[in-house]
Amino acid sequence: MVDSQYYLPNDVGISALDCTEAFRLLSPREQLYAHYLSRSAWYGGLAVLLQTSPESASIFVLLQRLFRKQPPAQLGNVATAAGLSPEEYQAFLVYAAGLYANMGNYKSFGDTKFIPNLPKENLKALVWQSQAFQDSPSEMEALWDSCSTLLYSLEDKQKQLGLGDKGITTYFSGNCCLEDAELAQKFLDSKNLSAYNTRLFKKKSEGKSCYEVRLASAVQEGESDYFLFLKAIYDFEDRVFTVSRGDYDHLMKKVSENLEKAKDHAANENQKRMLEEYSRSFTFGSVEAHKEGSRFWIKDKGPIVESYIGFIESYRDPFGSRGEFEGFVAVVNKAMSERFAKLVSSAEVLLPELPWPKDFEKDRFLLPDFTSLDVLTFAGSGIPAGINIPNYDDIRQSEGFKNVSLGNVLAVAYATQKDKLTFLDEEDKDVYIKWKGPSFEVQVGLHELLGHGSGKLFVQDEKGTFNFEQDNVRNPETGEKITTWYKGNETWDSKFSTISCSYEECRAECVGLYLCLNKHVLSIFGHEGEDAEEVVYVNWLNMVRAGLLGLEFYTSESKSWRQAHMQARFVILRVLLEAGEGLVTLKESTGKDGRPDALITLDRSKIHTVGKGAIERFLCKLQVLKSTADVEGGRALYEGYSAVSDGGSHNFLCLRETVLQRKEARKMFVQANTRVKGDSVELVEYQGSAAGLICSFTERFADDAEEVEAHLLDP
C-alpha cells in the first residue's frame, strides 16, 4: 500500500476563481491589456514543467492530447469500456487536474511527488482505447513509453524535489550536488551574474568538470546591449564554465510577443517601458533588463490592471537562488485596497515598533503600492495569498517594492469546514471558523508590507563604501561593533542560500504576529474592542496550528524541509512552546476514531505578555543575523529550531505521523480564459471541478497546441 501522501484524494477541493465582476468593469482597452498579459503569463508558465521534473512535460503533453480529442465526459465512456471503475476514472481526472494546477507532478506546496491513484495497467488501457491513440498510435505509444515509468515511480530519490541524493530537480543536471551548486554560485558572483533565470548542467571532459550555465531567453545567437557574451568560456577554480542562452527559447519568444501586443494597450508610459524591458529580458536572457522593468513597475502606482512576470520565487531551487517562472494578471478591488492604503500610510509609525534598533531599519521607508486584487490569471506552480515583489534586494532597499493581497484567492482558499478542522478543541473550532478570514487578512497585510518590507542589509559596495556607520553601529545582542556584512555582489539569497527563503518567511510571519497586537493596526482593518481580541487570538492560534501541520512537509529520511512557509511556522511553534508558562500546550491523544490524534491550545491571556516577549526576542535575533550577513549564526539559530526529533518535551517525529494520517489535501483553483472576439475580449469560465480545470487547460493553448507541445518535448 502506497502512502496516501503520494496520491491526491478523489474528494480534493477544487474551486473556480471568480473574477467575473472585476473583469466586466474593465474598459475594452484594459480588457485587451489584461488578455495579452495573460497569454504571456500562460506561455511562460509552461516553463515550470521543465523546471520541475524530467517527466513533467511529457505527462502534460500526453494529457493534452488525450483531452483535446475527447473532453472528460467523452473520455469517461472510453474509461468504462476499458474496464475502469468510476472511482478509478475520477482518480485519473484528479491526477490530471493536479498536474495542471501544480504545473508538474510534484506538489507546488510541499514538493512531494504525486502519482495516479489507479493501477498502471488500467491507465494504459484507457490511453490505448482513446481517440488520440486511434488517430496517432505510434506517437501516443512513444509518449507513454517516455514517461510512464517515472509517472508511477516512488523510489526514494523521486519522492520529493531536492539536490543530489536528496531528491529530483531540473534546475541542475542529475549529476550535480551541493558542492557544484556552491561553486556555480561563486562563479556567478564573480561575473556579476544573477542565478534567477539560469539552470546548471555538468559534464566531464578530459577528466575535468565542465559546467554550462544556461540562461532563459528567446535568442540563442547574436549580441545585444543587454548581454554581450554568448557561449563565453571561463576557467574558474580549475573548472570550465560556459555561459549560453536559449533555455525555454520557444516559450520565451511567445512571452515576449504577447508582451509587445499588450504594450499597444498600456495605460501610461511606465507600463510601456516596463513591458519593453521585460520583453528584452526574456528575449536576451538579461536579469538586468528585468530589474529595469521592475523599476518602471514600481513607478506604475495604482494601476487598474496589475501584473508581474518573470523568474521570481526561489522556493523550489534546492540551493535557493534560481527563480521559478511566474506571471499574474489581476484587477484592483477598490474597497479592500483602501484598508491596505491606510496600513501603508501608517507604516512609518509602525516600523519603529519593531524590536530592533533604528540602525537596523532602512534609512527611508519607500511607501509602496499595497492593493487587494482579484486574480484573472496566475500562471506557475501555485497561487499564493499575497505577494511582496520585486525580490531584488538592491531595488527593495533603495527604490521600493509593491505588495498585493489576492482577495478572490483568500475567499476560496481559507474557507474552512468544521468537520475538517484538525487538532483544535470544539470551542476553538467555532471561533476559528468565524475569524480565520479576517485574521488572515491582517496577517497577510503585515507579513507582506512590514515583514518583507522592513529591515536593512549592511553592505560594503565594490568601491568599498559602507551603507552604515561602521564605527558606531552596535550589535544589540552582543553590544559589540558589527564585524560582518554583505560585500560586493553578495545578496541575501546567495549568502544564506538553502535557508534564505524559509528564514525570510519566518521573519515576515513573526512581524505579522508581533504587530497584529497593535490596536491601531486592528482598527485599520475595522476591528475594535472584543472583535479585535478575537482577531488576535485566531491569528496566533492559526500560526501554532500551522506549525503543527507543517510537519507534513518534513522528510524524516533526509532530515529536510520541503516547504519554506511551513518550516517557518514550525519554527515559530517551537519558539512559542519554548516560551513556557502555559502559553501553548501540545498534547498527543487518541481520536474518537481510535487513531492517534493531537490537541493544540493557546492561552489567550498570555499572548500580550509571554507570547509577545518570545516573538520580540526571536524576531530581533533574526533581523540582526540577516542585517549583518552572519550566515554561521543564522544557520545555527534557524536549523536548531527547525530540527524535528523524538527527544525533548515533544516527540515531533511521532506527531508527524499523526499529522500525515489526518492531513487535508490543498485546494486547487480553476481559472478562466480570455478570447479576443472582434474588438472586445470574452471571458470564458469553467466549473469548479477536475473536469473544469482540465477543460480550461486544453482550451488555453488550442490555437498552437501542436507547436507548443513539440517544443516542450524537445526543449
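Any Cβ shown, glycine's included, is placed from N, Cα and C.
Just so you know, TrEMBL annotations are computer predictions that nobody has curated.
The feature active site is assigned by TrEMBL to Glu448. What TrEMBL lists as Zn(2+) binding site is His447, His452, Glu505.
Among the listed recorded positions, namely Glu448, Glu505, the Cβ with the most fellow Cβ atoms inside 10 Å is that of Glu448.
Within 10 Å of its Cβ, the residue among the binding-site residues His447, His452 with the fewest other Cβ atoms is His452. Apart from the site residues His447, His452, Glu505, the chain places the Cβ of Asn388, Glu448, Gly451, Glu504, Arg507, Ala508, Glu509, Val511, Gly512 no farther than 8 Å from the centroid of the site's Cβ atoms, the recorded Zn(2+) location. Distance noted between the C-alpha atoms of Glu505 (Zn(2+) binding site) and Glu448 (active site) is 10 Å.
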